[in-house]
Each structure stands twice: as structure tokens, then as C-alpha cells.
Amino acid sequence: MTDASHPTAADDLGALSTLFRSEQGGHERVLLCQDRESGLKAVIALHSTALGPALGGTRFHAYASDEEAVLDALNLARGMSYKNALAGLPHGGGKAVIIGSPAPVSEGGLKSEALLRAYGRFVASLDGRYVTACDVGTYVADMDVVARECRWTTGRSPENGGAGDSSVLTAFGVFQGMRASAQALWGEPTLRGRTVGVAGVGKVGHHLVDHLVEDGARVVVTDVRPESVERVRARHPRVVAVPDTESLIRADLDVYAPCALGGALNDDTVPALTARVVCGAANNQLAHPGVEKDLAGRGILYAPDYVVNAGGVIQVADELLGFDFDRAKAKAAQIFDTTLAIFDRARTDGVPPAVAADRIAEQRMAEARTV
């Protein structure tokens, strides 16, 4: 279903409607949103509500075209369906994108209280079928503003009834996936004595380094922001820094952890990898279909990104229950068992782990539809 969501917006949103009809790919609903007064133009995509209300963040980005924005919303919503299913959450998958610069109006961007509140009203119009949260370009303070118009908002500040920053549990979940990978490959659920390369030590990556150092791993890092590397090395002086990702993937690693941009595993990086395991926090690590087969062909064990980085969505889902950190952490700890189950399914089916993960998620969604 497609909605033209503002009575004066039909001409501006007509192209987006055409794009949606041609690209919808099984999505249940897409809401095309426009508020001319605030400058809001957004897409809310609901991929599946088989397991419950769709849950996924709001991305605020200056897309090169409306087509790119629509496709991103559709792809991200689908990914959230799979992530939520494998995390064992009572939620389907959805995602929203706000089109434009996420900088404040005072800095030449589009972000303003009026725009965020207008967006919140569109989310509210879905009457609980979509629950939103932070994503790229949106932050806890933004969710506080959205929540003034919409009670189906997570990722809020603790002062406003939320759980705050989810990077701590995201990193914890990635660490559990890494422990499971070590168990599957080396027979022990520890990184002690292993060399782990972390690409990106920002919000999630620096917490992951904390876990690795505590576990006894040797850690090598890189980041495009020197200050992020300096912060990590100030906390952990034995951490080694290299100048760029290319240097990192060619280093003598046991585990490679992409924790920055998507597309980290591609036709250039996979042949250069020395690591036996890839397990990181970045979204959409596989640059295109088929990369997972290239990894398997080289004997590299890949822990699917949307499985191991689910700690963040586990946190925001728990926020709907009245956030309890210990309860959410216990749920995120289950990423260890889920990752092992995926590796077992991959061996049984003779497929790469990414394919096995998809099959398990699809099975859970299909079973929910028949109940």
C-alpha cells in the first residue's frame, strides 16, 4: 500500500509513488511523507509485521536522488525484519529515511524541531504499526523531540523515559558473536591470545575494544578520525594503530571487525584479508550478493552483521517494556547461541552463514504468519 500523506504533496511525491510501485518487493506498506512548512520529505517503509509491530530506526541523510532514498528505505526495512526475527524479538521490520542534510537549520541543514515533530505525526498516523528509533543522522535528542508527537518512539534519553545510547549493548552483542566464532573455529569461546583488527573505533568500536582487551586479545585499530584512535590508545596503551583500513586488512590478523561504513567486504578487500574470522558492528558489510561465497571459498568464517550487531535493537525493544539494562543485556548475550546455531545450520545445509541466517529468519517469519 502506498500513501500520499499530505493533501498538497501529490505532485512532489508522485515520482516517489512510482518508484515504490516498481521496487516494493513484498513490503507491506510504505508511507510517503511531506510537510512543506518544515521542509520534511520522508519515506517510512514497513517490510513485515508478521512477528509484531515493525521496529527500526530513522535515517536522516542527503541522498543523491529520491530513488536512492526509496531504495534505501526498502532495503533497510527488509534487513530489520531479518534482524528482529533472529534477535528473537516480537517485532517485524521497518525503517524510515528523512531526505536532506541532517545538520541543523542554523548550519545550513534541514533538521529542526518543527521538522522532527512533523515527522513524529506521520509515525503516529500508523497507530503503532511502526516503532521508530535512532539511526544514522538522528540522535537521542532528536527522538526526544519526535516523542512529543508520537508515543511509538524509542531511543529517547533516560530523562524522557528512554534507555539512551545503545552503543554499549551493540558492542556487547558483537563481542558475543566474536566469541561464538572463536568457539566454532578454534574450539574455545575466547579471543585470548588472538589478534583482532577493529576498523572504526567510534561509538560502538571503542566499546568493542574494551571487551577485547579485557578478554586478553591483541588489538589493532584504525579510524578516519585521529581523535577516536587517540581516545582508545589513551585507555589502552598497548593497542596498536595503523593508518588506514587497507593496512589493517593486510595485517596479520585472526579476526577482522568492520565497525564503520557498509560495503566493507568487497571484491578488493576479501582477497586481501588475512583474518580467519570476520565479525563486526557495521551494517550491510557484504558489498553485493556473492561476497559471502568468496569468503567461504577462502576459508573465512563470516558472522552475519545483522545477527551480531542486534544489541542496539534489543535495547530499544526493551525500552518499550520499561528499560531494564540487565534484562536487555541478558537478551543480547543470546547472540552467542544464535550465532552458533547459524554456523551449525550453515554446515548442515552446505551454505555460507549469511544464507543460513536468512533461512532461519524466513522460517521464523513464515511460522508466525501461520499462527
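Glycine too: its Cβ is placed from the backbone N, Cα and C atoms.
According to Swiss-Prot, the protein has these features:
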- Lys95: active site (ACT_SITE)
- Gly200, Val201, Gly202, Lys203, Val204, Gly205, His206: NAD(+) binding site (BINDING)
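Neighbours of the NAD(+) site: apart from Gly200, Val201, Gly202, Lys203, Val204, Gly205, His206, residues of the same chain with C-beta atoms within 8 angstroms of the site's C-beta centroid are Ser167, Ala171, Val198, His207, Leu208, Val209, Asp223, Ser228, Cys259, Ala260, Ala281. Taken residue by residue with DSSP, Val201 (NAD(+) binding site) is part of neither helix nor strand, so it is coil.
When the alpha carbons of the residue listed as 'active site' and Val201 (NAD(+) binding site) are compared, the span between them is 25 angstrom. Secondary structure at Lys95 (active site), taken from DSSP and collapsed to helix, strand or coil, is strand. Its Cβ placed at the centre, Gly205 (NAD(+) binding site) has 28 other Cβ atoms within 10 Å.
For Val201 (NAD(+) binding site), the count of additional Cβ atoms within 10 Å of its Cβ stands at 27 [all protein chains shown]. Summary: among the recorded positions (Lys95, Lys203, His206), the fewest other C-beta atoms within 10 A of the C-beta are counted at Lys203. Applying an 8 A CB threshold to same-chain residues 6+ apart, the list for Gly200 (NAD(+) binding site) reads Thr222, Asp223, Pro258, Cys259, Ala260, Leu261, Gly280, Ala281, Ala282.
Classification of His206 (NAD(+) binding site) by DSSP places it within a helix.
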